[in-house]
Amino acid sequence: MSYTQRETPILAELCTFLVEDIYGELASRVFSVLARYGRQRRAEISKASYLSTAQISLGLVILTQQHLVFHSPSTEPAVFYDIDWQQSYALVRLAKVAHFVEERFDKKTANVVSNLRLFPPSNKEEGPTNGQKVNGTKVNGVANGHGDAHVLHASHGDQDEETFASPEELSAIVQTLMEHGWVIQVAEAQYLSAEDMHNIARQQALNDRWGGSVPTGTKDKDMLAHLIMENKRRIRDTWLEVPQFLSRKRKADDSDYGSNKRAKLNGGGQYGSIGGSTSSPEDDLVIRVNPEKAAVAMRNQHLVSLVEQRISDTTARLYEILLRSLEKNIPRCFEDFPDPPPPNIEDQPQWEPNLDYVVNTKDVAQRAKILGIDICNGLDPNAIARIAKNTNVGKDGVLSQPVDPSSLGFHERLEIVEAHFSLLADHPFRFVTWHARGQYRVDFDLIAKSLIQQEIENTVLARKSKTAMKLIRALKKKGKLDERQLCNTMMQSANDIRAIVNELTVQGFVQTQEVPKVDRREAKLSVHLIWFDIQRAREKLLHDTYKGQVRILQRMAFEREKIQELLSKASRTDVAGNETKYLKQDELDALKKWKEVQEKLLLQLAREDDLVAVLRDYCGPLTTA
């Protein structure tokens, strides 16, 4: 099973809140039944929910269109439904995905992604531009108690940055998003649960290799496990393929090429009619947003902010250029379907660096010059004086003459950029690693493990004490220790160590084990081992973070319920935009207070989501050495 598809009760409660907040009570009730009982048929959902058949069908349609539930293959006699936990939790990141796309492209492209994420997956002609701009707005047109939905289509004389001038422009945006991995094709396999996909990949491996029969030998079983993972990766990688987009330019012999004029049909179409019966293959292309790409962007943003805090702003900007250049070639943070490890340690393949994570210093220096970054900031003046000409360091430790970055030569710029990268390489987090002359690579897995360890230590320090944090570090470095060895390592008495170990054990950050020396169980004749399991501590902290998010959503619902009548009044079409005219002063004050409270709660929810990304999305399961 994929690491991101593991369900916990608190995650089920959190996702139920998110579904109810965005898609309404009906979808939430169907979702909650699947969350409580797991894989169910429609009749079983009806018995557990007390909803009518029509209501259940409508709820399942909403959840299926939004990729919030899986369903069994169409070849099965009975259709089973199960929850897609990765997509369900991704609802909390709707605004972040649009923000990332707007940073990398423009507002119009971000609007396309927002509509794709909130509206059902559809073809290129209808999906991203089906009438409403929903960036930050619910499907029903109400967001946070008041409606803000806009119609995308403007009049012919009122073109702005959010209106598509032609179908070719939309095709170009979709193609760009697909090339960068933000948008992928919709396939039937995406609606299959992890169990169904495993069964299909297994049966395909059996048919291709053994003619449908099950192997019995040990080597054949290992080969079967390898082929299953290979088939899963092949099925998944086909979703990222970018089709060949045909040009829509009018040719000389196209006598029946339809008009490109846009007509508003039924009041909502961006392109009501596209020139008669003319169509192209990309018009039937069904697309959706890639949730794994958002985790890659979040990881890059987190690393850049860390560099900015710990080194300098200029180094962070250069590091951002480096990460952005790698981002296009990184479809996901970690491999969901890795090959099973070999039974013998000697048979393990030798580790080789991934060349997709290697960047040339020359490319970063050229990009920094285009952006006009002052690369001399954030470095030691002595280092700059050794590289640049006609300057030296005075007695006060300041350059005698400021260095103009635009006047630097090519080789001087390279040396200064490499000086910044040396700061990144020398940092304990090892933000970059030297690969070859003029080349650096990023070991994302090692950085992700360091980030997880840092979050665990920060949590222990905030909840317990500095001694408890040092104990965590000692156990991580030394491995399993008994009480006497731990006391010698920590240089503290046994009574002090026992109190700290008991507290950390109750919290789930430290594990203990009693190993008897003799055949009877006595405290004096047993060895009490203590160790730190980073994966268990990671799961515990992730569980606590989910709890915090649930409390935030509960508080938001409570605050909204207190002024529900006022919010309903403010969302009316005649009141929206004219609040000062139709609302009293006390109502305006209450509405302003609600917006302030909501903003604080949403900010805290986003911070909790950043912690979830560090603990869950940046790397797969960890093993304690």
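Start at 1 and count along the chain as shown; that gives each residue its number.
Cβ atoms here come from the backbone N, Cα and C positions, even for glycine.
Quick look at what TrEMBL lists:
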COMPBIAS  266-275  compositional bias 'Gly residues'
DOMAIN    13-71  domain 'RNA polymerase III subunit RPC82-related helix-turn-helix'
DOMAIN    456-529  domain 'DNA-directed RNA polymerase III subunit RPC3 winged-helix'
REGION    251-283  region 'Disordered'
With DSSP helix as H/G/I and strand as E/B, how many residues of the domain 'RNA polymerase III subunit RPC82-related helix-turn-helix' (13-71) fall in helix, strand and coil?
45 helix, 5 strand, 9 coil
Using DSSP, how many residues of the domain 'DNA-directed RNA polymerase III subunit RPC3 winged-helix' (456-529) fall into helix, strand and coil, respectively?
43 helix, 12 strand, 19 coil
Quick one: mean pLDDT on the domain 'DNA-directed RNA polymerase III subunit RPC3 winged-helix' (456-529)?
89
